[in-house]
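Q: Quick paste of what TrEMBL says about this protein:
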TRANSMEM  37-61  transmembrane segment
DOMAIN    52-320  domain 'G-protein coupled receptors family 1 profile'
TRANSMEM  73-91  transmembrane segment
TRANSMEM  152-173  transmembrane segment
TRANSMEM  210-231  transmembrane segment
TRANSMEM  252-277  transmembrane segment
TRANSMEM  297-321  transmembrane segment
DOMAIN    312-562  domain 'G-protein coupled receptors family 1 profile'
TRANSMEM  333-353  transmembrane segment
TRANSMEM  373-391  transmembrane segment
TRANSMEM  411-433  transmembrane segment
TRANSMEM  470-496  transmembrane segment
TRANSMEM  517-536  transmembrane segment
TRANSMEM  542-564  transmembrane segment
Amino acid sequence: MQYKAMLCRWPRPERIRKKQAHCAQVIMKWTYDLRGLVLAVYSIILITGLPGNLLSLYVLIQKVKQEAKPIDMLLLSLNISDLIFLISLPIRYKEAADMEWTMSHFLCPLATYIFAINFYNSTLLLMAISVERYLGVIFAIRYKLKRHLRHTIITSVIIWVVNMAHCSIVLYLQYNYSDKSNAGVDPTNQTSCYWNFTQEQLKILLPGRLGVSILGIFIPIIICCFCYISIILRLSQADNIKPMKRCRAIGLAISTLLVFMICFVPLGVSFVEGFIAPRRQHKNLVMMIWDETVNTLVLIVYCVTLITGLPGNLLSFYAFVKRVKQEAKPTDVLLLSLNISDLIFLSFLPIHIKVTAEREWNMNYSLCPLATYIFLINIYNSTLTLTAISVERYLGVVFAIKYKLKRHPRYAVMTSVVIWVINLIHCSIVFYMQYKFSDGEKAGLDPINHDTCYWNFTGEQLHILLPECLGVSIVAIFIPLIICCFCYISIIRILYQLDNIKPMKRYRAVGLAMSTILIFLICSLPFGITHVYGFIKNERPIWRVYALLSSSISVCLDPIVFYCSSKTLYNTFKDCVPRLYMWLRCLVTNNSSDQTQQDSTIFDHSET
């Protein structure tokens with residue numbers, strides 16, 4: 001498995017001598033690659049987060065001046081917390097760029113203090129928002145009579161005061177220990193901030209972190225899940241609720257839970273793990289634990305991708321085939337092409353799951369280039385087809401009359417065929433590497449134990465791969481992203497200028513734009529960045545494994561694009577979900593009646 005080459009695992013006895021020579025180099029390389037990843041993430045957060053939060057602050061202040069609602073005060077409080085964190089982010093950016101702490105030591109606890117306050121403010125305020133929504137839906141009349149703005153103001157103040165109080169532990173560690181080595185600075189070189197701690201400090205930190213993770217992360221996510229599930233169930237049962245209100249409730253629930261799972265839960269898990277196993281003195285043990293965590297994460301992502309992506313894509317395939325037989329539209333043809341690509345990838349995903357579970361490549365090696373080939377085809381098919389869909393939508397809105405006269409499904413068929421042919425040709429480089437270099441070590445196998453697939457390459461291979469990967473990333477990822485942004489921004493701007501457009505059509509256009517750009521940013525862009533970074537550094541970055549992992553998630557997100565793009569799929573989904581619900585309800589009812597009948601029979605026999 002490729003992840004074994006990423007970090008130095010706890011080695012098997014027969015591999016100890018071979019692994020030890022590479023361990024230090026791998027750790028050093030991982031540190032430099034991680035710096036590039038951290039800088040990229042910080043840059044994206046600052047560039048996207050600052051304008052968005054400033055705009056939100058302006059809108060919320062205007063709303064509060066006119067007619068303040070309880071939820072507006074909670075959102076304003078969260079917005080202020082995010083802005084304070086963004087102001088302090090350049091401190092972390094400089095630390096990551098210098099790879100050491102070169103600023104005043106006073107800034108170390110201050111930056112950590114602001115980070116911790118923002119973190120727990122976010123979890124608790126999101127929980128408060130979910131509770132406010134829950135009360136407004138489940139107890140609508142009683143809550144409306146008793147609802148008052150001062151309640152949310154008091155709630156926000158309490159959250160801020162509690163967080164400022166318990167996060168002050170970082171300042172306590174700064175001023176309680178006069179020696180810098182005891183204040184969270186690396187005792188070896190005193191150039192890192194809040195990383196290494198003494199045993200005396202850990203006795204204070206670890207129990208506090210455990211309690212905070214329970215109260216500030218895990219309990220809030222449980223409350224949020226309960227509130228939003230109850231809200232969705234109540235709205236789905238009400239007949240007088242507009243579809244748009246249901247969609248907004250579902251969107252709010254999904255976005256909140258995603259924020260918890262992606263942003264907050266990992267840190268909470270690290271606090272629990274740190275309390276259970278506080279000592280990590282042996283570096284090989286650290287590497288083993290990290291590698292086990294990464295391997296488990298990859299396995300979970302692959303399994304979730306298969307479980308969620310397969311039903312959604314099969315349902316989409318059924319709807320598109322049915323639609324194409326009746327009346328094919330260009331968008332339906334493009335979506336069907338993307339859908340077929342996703343299904344082919346999902347059919348090969350069990351190979352990746354097996355390799356991840358066994359932690360090594362023990363299958364026929366011919367499957368290695370084939371699985372990689374399918375993986376790459378799906379990535380580039382997704383980006384280019386989504387771009388074609390955005391262009392088709394752009395032409396249909398901006399040049400509505402002229403495009404309607406010339407639009408024909410055969411153009412979409414030709415576009416899909418061209419995309420497939422181009423990807424089939426340029427992705428065949430994986431087979432070239434397989435058969436050009438007959439030696440297993442020169443075919444992308446791990447040179448130490450020959451049990452990984454397409455991870456380590458020779459200088460001769462990199463001389464071929466890196467320029468090709470750079471060109472493909474520009475043509476198939478970066479340029480399509482720019483085209484999609486231009487098309488969807490133009491579409492949304494025009495739709496909001498027209499008065500005769502239904503609100504549902506506007507919301508679907510916004511949903512399509514957001515889902516498409518999210519697929520690019522989450523699934524495709526990291527993969528393209530690895531190609532650019534690899535070409536500049538003349539090597540394959542170790543963190544490329546995470547980019548490959550994020551690319552596989554696109555098959556779960558593509559059905560969202562299908563749902564927003566095609567009215568056919570929307571209607572099919574609307575018809576299938578009630579049928580599925582009724583089928584499950586009948587199944588549960590039948591099982592319950594059978595169990596009741598069986599219990600009655602047993603009771604009769606016992607009476608006899």
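Each residue's number is its place along the chain shown, starting with 1.
Using the three backbone atoms N, Cα and C, a Cβ is placed for every residue, glycine included.
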Q: How does the model score the domain 'G-protein coupled receptors family 1 profile' (312-562) in terms of mean pLDDT?
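A: The average pLDDT of the model in the domain 'G-protein coupled receptors family 1 profile' (312-562) works out to 81.
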Q: What residues elsewhere in the chain lie close to the transmembrane segment (37-61), defined as a C-beta under 8 angstroms and at least 6 residues from its ends?
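A: Same-chain contacts beyond the ends: 72, 75-76, 79-80, 82-83, 86, 89-90, 92-93, 96-97, 529, 543, 546.
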Q: Which one of these stretches, 73-91, 152-173, 210-231, 297-321, 373-391, has the most C-beta pairs shorter than 8 Å to the transmembrane segment (542-564)?
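A: The stretch with the most contacts is 297-321.
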Q: Which residues of the same chain, at least 6 past either end of the transmembrane segment (333-353), have a Cβ under 8 Å from a Cβ in it?
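A: Residues 299, 302-303, 305-306, 309-310, 313-314, 316-317, 320-321, 324, 363, 367, 370-371, 374-375, 377-378, 381-382, 385-386, 388-389, 392, 409, 412-413, 415-416, 419-420, 552, 554-555, 558, 561-562, 565-566, 569.
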